[in-house]
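Can you read through this structure? Questions will come right after.
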Amino acid sequence: MTTPESAVYPPSEDIVKNAHVDAAKYDARYAQSLEDPDKFWAEQAERITWIKPFSKVKNVSYDFGNVDIKWFEDGTLNVAANCIDRHLDTRAEQTAIIWEPDDPNEAAKHISYKELHLKTCRMANILESMGVRKGDRVVIYLPMIPEAAYAMLACARIGAIHSIVFAGFSPDALSARVNGCDAKVLITADEAPRGGRKTPLKSNADAALLHCKESVKCLVVKRTGGQTTWVDGRDYDYNEMALEANDYNKPAEMNAEDPLFILYTSGSTGQPKGVVHTTGGYLTYAALTHEVTFDYHDGDIYWCTADVGWVTGHSYIVYGPLANGATTLMFEGVPTYPDAGRFWAVCEKHKVNQFYTAPTAIRALMGQGPEFVEKYDLSDLKVLGTVGEPINPEAWNWYNDVVGKGKCPIVDTWWQTETGGHLMTPLPGAHATKPGSAMKPFFGIEPVVLDPQSGAEIEGNDVEGVLCIKSSWPGQMRTVWGDHERFEKTYFSDYKGYYFTGDGCRRDADGDYWITGRVDDVINVSGHRMGTAEVESALVAHAAVAEAAVVGYPHEIKGQGIYCYVTLMNDREPSDELVKELRQWVRTEIGPIASPDVIQWAPGLPKTRSGKIMRRILRKIAENDFGSLGDTSTLADPSVVDDLIANRTAKG
Ligand code: 6R9
């Protein structure tokens, strides 16, 4: 196998000189982190303020049947106190959160650490007055407004476990998550403004709560003042209560291994699973990676464009930056509203130094032309980041040349909801970058490339296989909420003794890593993970659908699009109306992010004689790649393939 020719971009001397970590420091610390992980992580954990110090650094078993991951297990701390209170002596007046609203004509807000403390304490007291106690679950379904951060930190303060549901999810998806963790309270807002439109969050919440226990209470934040239905006794008015709430709330003493949050994410089978992260290890890892990966220095203005509904928003808008006493920007809107220059307008307006976004946004903006970037003064930018999916070299080069003017290192950060923080990324002052490569493991991370069949480690360079991680790191997920067996089965059963990432990967001739995409039935649509099984089960829940198979296919902007093969019930006829109806159906069942791009009618699906759908073939057809269908001899009825090819929908 040969490595494709690739340009290499070393960091400028200026960047290297000022960086927290240069090449020599990276090499030394990386080596130390593997040689003596206990010593390395004990030192790193000093960045956290512990109530009671830990005596044991790590206690980990990856043995299938007995997977158990603990870090700093006898230490105690409070995450909110680490993100707020401990900064008050030196940073009370410093801006913690810059909030930029959807509408550029509405004023931005600058929330100081002092104000963050006040608002978080009040929210914590409100939650307590609603009966929330340590260990209880709170679901957060909010727009990108400061109250989302207050809510997260308020939960952390009282020891409640939050589960954020992205505001783009449907009522059905929301009720499943409220019920999945048996939440006591759902926090929402009247409406979520985005791109000049408004999502009726409270009515979605009302619809969801019809399918939840009657005891679930709803705390409603006023964002637009839009009209909402009010259920007395169930609904609580946040803005009213905040006027009365006490200004101080004592942070609860939490164990390092107490859960901090649950975050649902898609896998290759079944419904989304609740990934559980705990306090001490997660915060240590989020804070360290935030500082080192973005080379964050005191006084910098840092902006991650993700939504707090995804893990990137958890670790790199809220927990990591605030634990570091940073100024973090929170943006309510979308990249293309009011026009394709919005990101750059916001960078200029707030003098952003580190900017972190997703390849899908870069591709969408790239298509609009460089004029939208060139209008703005981006001279404060120092580091650019990407996350969520592999970045194609064309998008990388545009980001580098047009946005970064060739002066800002690009950190292509590979990680997952499960990993809590970055596992592989170049560091700005330490590594040359290559367009599309996640380059190097972070401190303490031991990536291995395995042969997918034998599971044996493939040594050396210029090799490809499945990506696993040897040994643990503090930010690793601990379990699947309510289903530890599923946790073990998903991540520790295929390749014994390793954490299996679900991604494929290549280690090039220089030993640098390239993520090649998922090797399971997870697709990545605009950087959002989607299980094909979830879309299939939504489709077959429709009365007209007998059977459905869903695969990903290459999509110019989204990275991957959703391609659905649908077999109708005998008494139903295909029609354009039915395509529209099914598309709307999936949006209602899951949310707009799961909206099918292509629906192809399939009188039959290619199956083995044992009835297993051969997705490999469906993927090839969706990709318009008919020449390499491979062996179809094991099919029960090979003629279905000819039909699918003949009728492949001319889209995508
Ligand atoms: C943080 C996040 C995780 C999956 C992951 C991989 C893909 C994320 C990537 C990347 C290539 C990168 N992914 N970052 N692929 N290069 N820099 O995105 O978490 O939503 O759980 O998705 O996303 O396939 O396995 P999550």
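Counting begins at 1 with the first residue displayed.
Cβ atoms here come from the backbone N, Cα and C positions, even for glycine.
Bear in mind that TrEMBL entries carry predicted annotations, made automatically and left uncurated.
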If TrEMBL gives Gly388, Glu389, Pro390, Asp412, Thr413, Trp414, Trp415, Gln416, Thr417, Asp503, Arg529 as binding ATP, which of Arg486, Arg518 does it give for that site as well?
Arg518
Count the Cβ atoms, other than its own, that fall within 10 Å of the Cβ of Ser526 (CoA binding site), considering every protein chain shown.
20
Considering every residue in the domain 'AMP-dependent synthetase/ligase' (86-472), what is the mean pLDDT value?
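Summarising the domain 'AMP-dependent synthetase/ligase' (86-472) by its mean pLDDT gives 97.
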For ligand 1, which among the binding-site residues Arg197, Gly388, Pro390, Thr417 have a CB under 6 Å from it?
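Checking each Cβ against ligand 1, the ones under 6 Å are Gly388, Pro390, Thr417.
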Rank the binding-site residues Arg197, Arg587 by the number of other Cβ atoms within 10 Å of each Cβ, and give the residue at the low end.
Arg197
Which ones in the same chain are close to Trp415 (ATP binding site), with CB under 8 Å and 6+ residues apart in sequence?
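When sequence neighbours closer than 6 are ignored, Trp415 (ATP binding site) has Val387, Gly421, His422, Leu423, Met424, Thr425 within Cβ distance under 8 Å.
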Whole-number answer please: how many Å between the C-alpha atoms of Val545 (Mg(2+) binding site) and Arg587 (CoA binding site)?
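Answer for this pair: 16 Å between alpha carbons.
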So for Arg194 (CoA binding site), how many other CB atoms are inside 10 Å of its CB?
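Around the Cβ of Arg194 (CoA binding site), 18 other Cβ atoms lie within 10 Å.
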Pop the Cα-Cα gap between Thr312 (CoA binding site) and Thr413 (ATP binding site) into the table, whole Å please.
11
